[in-house]
Amino acid sequence: MTASPDPAQRIDALRQRIEDANYRYHVLDEPQIADVEYDRLLRELEALEAAHPELATADSPTQRVGYLAASRFAEVRHVLPMLSLGNAFSDEEVAEFVRRISERLERKQPVFCAEPKLDGLAISLRYEQGEFVQGATRGDGATGEDVSANLRTVKAIPLRLRGTGWPEVLEVRGEVYMPRAAFEAYNAQMRLQGGKVLANPRNGAAGSLRQLDARITAQRPLSFFAYGVGEVADGALPPTHSTMLAQLREWGFPVSQLVEVVQGSEGLLTYYRRIGEARDGLPFDIDGVVYKLDDLAGQREMGFVSRAPRWALAHKFPAQEQSTTVEAIEIQIGRTGAATPVARLKPVHVAGVVVTNATLHNADQIARLDVRVGDTVIVRRAGDVIPEVAGVVAEQRPAGTHAWQMPTQCPVCGSEIVREEGQAVWRCSGELTCPAQRKEAFRHFVSRRAMDVDGLGEKFIEVLVDSGVVQGVADLYLLNVDQLLQLRLISTADSPHAFLREAREHLAAGAYAQVEQTMVGIGVDLAGVQPAPQTWQADLLRAGLPAFDWNRKKIATKWAENLIEAIETSRDTTLERFLFALGIEHVGESTAKALSAWFGELDVIRHLPWPLFKRVPDIGGEVARSLGHFFDQAGNQQAIDDLLQRGVRIGDAHPPSPKLRGALSFAVLLEDLDIPKVTPVRAQQLAAATASFDALIASEADPLLQAGVPAPVIASLQQWLARPENAALATAAQRAMDALLAQLPQADAVQAGPLDGQTVVITGTLAALTRDAAKQRLESLGAKVAGSVSKKTAFLVAGEEAGSKLDKAQSLGVEIWDEARLLAFLSEHGQAV
């Protein structure tokens with residue numbers, strides 16, 4: 001009689017067989033067993049694990065389905081940002097990309113890794129000791145959403161790495177996508193069942209990963225291709241991008257078979273054309289190709305610019321186009337007042353999406369294209385994403401059309417629409433008196449990358465603004481649960497009488513009579529003979545209501561309580577988030593971050609004259625003037641005061657950066673004021689001759705001539721300073737500069753950090769802080785934090801489960817610090833956790 005196999009051995013054998021089948025199917029494209037056999041093996045494994053729950057593990061193939069997310073996705077901070085790529089649409093742009101790399105690295109024919117650019121959803125997969133522990137979306141590049149449970153359902157993603165030699169921590173970056181055939185089959189099945197079909201494979205992939213129930217995601221035919229790595233700790237990777245991809249394939253990750261190594265711009269363009277010709281026959285959607293410098297050391301030398309690497313480029317295919325009819329041209333007002341013309345179109349399918357609106361960019365673009373209502377136009381999804389009107393089919397223009405003109409008044413508030421000299425953009429002059437601008441300002445203020453008020457959707461923002469409940473963003477911090485519930489009750493009522501019927505359920509007799517009196521006061525005929533004013537809802541809210549008793553009749557209140565909690569949570573923020581949330585024109589996240597790093601305190605920034613902003617890296621004259629204009633407005637200063645008075649707290653204030661001492665001087669200020677004829681050389685001469693604007697204003701020409709300043713420059717300077725507003729700006733800027741410099745230590749008094757010149761390595765898991773936080777604190781004390789141990793390492797910080805780095809440090813005689821010693825050292829030097 002044959003003995004029954006040991007359950008643990010059988011489970012191990014089944015797991016290995018199933019994962020091997022997954023690897024052969026998704027990575028090697030060499031299916032070895034039939035689907036029915038695969039299903040039989042999986043069912044057997046499920047039965048064995050159910051009978052022996054002590055043998056179940058997180059990396060078992062049976063654990064791909066069954067995880068339920070919380071009511072929302074948790075945020076994940078990417079250790080290494082998931083950067084976007086620069087785009088190219090022409091051969092010339094590709095040639096320029098190659099030229100820059102050639103010159104920087106002094107290589108005549110750089111070698112690149114070229115690969116298709118999948119039209120899916122970018123994700124990051126984190127593995128620790130070979131096991132999948134977390135998956136996140138790209139999000140804004142710095143912060144994504146934890147979609148681990150959903151990613152477990154994607155069979156192409158390994159739950160445990162194959163082979164050996166992988167780093168202790170490995171983040172793999174790639175694209176989740178929906179194959180075309182699977183997309184069509186899924187939609188066909190949905191039509192048979194009367195279910196909802198997917199618009200296109202890209203939307204299908206993105207929507208599937210954002211399901212809160214992983215069982216729904218598991219029903220979607222998703223796949224995955226790896227294209228790079230993020231954080232790597234305690235381990236090494238091959239020296240080139242192409243060999244790194246080959247290594248990822250050996251560890252179990254699918255990598256596109258279309259990846260190639262090519263040389264120079266000619267090799268890149270040949271690859272681009274070949275993939276473009278094959279595009280329609282590929283089993284998945286792509287919207288271009290990606291070029292990456294193959295040499296990883298070269299990538300590090302090239303570095304990054306803004307939010308994109310200098311060593312990579314996305315070469316987009318020509319946008320897909322269709323023709324349709326312009327039914328109307330309307331104006332949309334943005335948060336800075338920009339009036340953007342939008343074409344309302346007869347619905348048309350473009351690249352798998354129904355397009356009903358397309359941007360016309362600005363009035364100059366409309367005039368150049370001569371777009372008119374009634375025209376047949378070519379609609380393009382530029383970069384396969386943003387619909388735009390690319391041209392007019394003039395021969396199909398109907399008779400009687402008229403050239404379009406920018407309206408003179410804002411369609412929302414009636415304020416004048418004006419165009420600043422030299423600008424392409426027209427703007428509503430109503431500023432925050434314009435409801436459209438207020439709504440956009442609110443949307444921006446509460447967005448995730450700004451104040452991050454979760455749960456405040458666009459429609460409810462419209463209700464808040466239209467009702468007059470909030471006039472400025474600071475009014476958010478005056479809201480309470482009762483107001484929110486009343487607001488929803490009123491905004492969802494289709495008539496005053498419908499509202500009164502509902503209100504009666506939540507009010508005592510006296511309070512209800514008070515509401516009826518208020519209704520009469522705003523012009524509502526309680527008998528119902530006369531029609532109610534169209535603005536009755538807003539008028540009623542402005543008139544005020546008594547407190548409702550929500551316990552008289554049960555009503556859903558959790559949403560309002562959650563929203564108030566989110567508003568309360570947002571009170572504690574950082575300076576860069578606060579600055580970004582203010583919605584200052586031209587001030588994005590990177591600019592806000594730079595302002596925070598250089599100036600340190602809101603009170604400093606909000607009172608600086610604009611020329612001083614120009615010394616911050618990446619801030620030019622246009623951005624500096626925009627900052628100055630914003631803070632010059634009394635209404636904006638009042639809005640900031642209101643936010644602070646209502647409890648918004650900026651928790652990361654710090655002194656101005658010592659770098660300002662080397663960046664600011666009287667000569668620099670002369671240069672940055674944009675005075676005609678005052679070049680950097682002339683600014684140095686002027687600064688050598690005199691020390692202040694007060695002295696310059698009082699000075700005669702002779703001392704300046706004797707200092708070598710040409711007479712035309714002196715005349716231009718004197719003419720500029722003769723205007724009172726210029727003299728006031730110059731003297732205010734110098735006073736502000738002197739005040740800033742007075743806060744900084746003298747150059748010879750700046751003390752070296754306790755770890756200056758020392759190289760430190762961190763390994764293992766720390767309990768009190770993340771490794772990234774430890775790195776930041778050590779770097780602030782002067783250390784260079786490296787990824788590998790060598791004889792030059794000053795000391796190694798070893799947390800729990802320290803790996804090979806600890807062994808190497810001990811063999812080299814490197815000093816070992818435990819977490820307690822690290823925390824004590826940080827505390828001693830003002831970096832307490």
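Here the Cβ of each residue, glycine as well, is placed from N, Cα and C on the backbone.
Lifted from Swiss-Prot, the feature list:
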ACT_SITE  Lys117  active site, N6-AMP-lysine intermediate
BINDING   Asp35, Val36, Glu37, Tyr38, Asp39, Ser84, Leu85, Glu115, Arg138, Glu175, Lys292, Lys316  NAD(+) binding site
BINDING   Cys410, Cys413, Cys428, Cys434  Zn(2+) binding site
DOMAIN    750-833  domain 'BRCT'
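Features as recorded by Swiss-Prot, highlighted on the structure.
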| residue | record | Cβ neighbours (10 Å) |
| --- | --- | --- |
| Glu37 | NAD(+) binding site | 12 |
| Leu85 | NAD(+) binding site | 17 |
| Lys117 | active site, N6-AMP-lysine intermediate | 21 |
| Arg138 | NAD(+) binding site | 20 |
| Lys292 | NAD(+) binding site | 23 |
| Cys410 | Zn(2+) binding site | 24 |
| Cys413 | Zn(2+) binding site | 17 |
| Cys428 | Zn(2+) binding site | 26 |
| Cys434 | Zn(2+) binding site | 21 |
Considering only the recorded positions Glu37, Leu85, Lys117, which residue has the minimal Cα-Cα separation from Cys410 (Zn(2+) binding site)?
-> Leu85
What mean pLDDT score does the domain 'BRCT' (750-833) have in the model?
-> 82
Would you mind reading off the Cα separation of Cys434 (Zn(2+) binding site) from Lys292 (NAD(+) binding site), to the nearest angstrom?
-> 46
Cys413 (Zn(2+) binding site) to Glu37 (NAD(+) binding site): how many Å between their Cα atoms?
-> 67
Rounded to the nearest Å - Cα separation of Cys428 (Zn(2+) binding site) and Leu85 (NAD(+) binding site) | 34
What's the CA-CA gap between the residue listed as 'active site, N6-AMP-lysine intermediate' and Glu37 (NAD(+) binding site) in angstrom, rounded?
-> 34
Composition by DSSP (helix, strand, coil) of residues within the domain 'BRCT' (750-833) | 29 helix, 19 strand, 36 coil
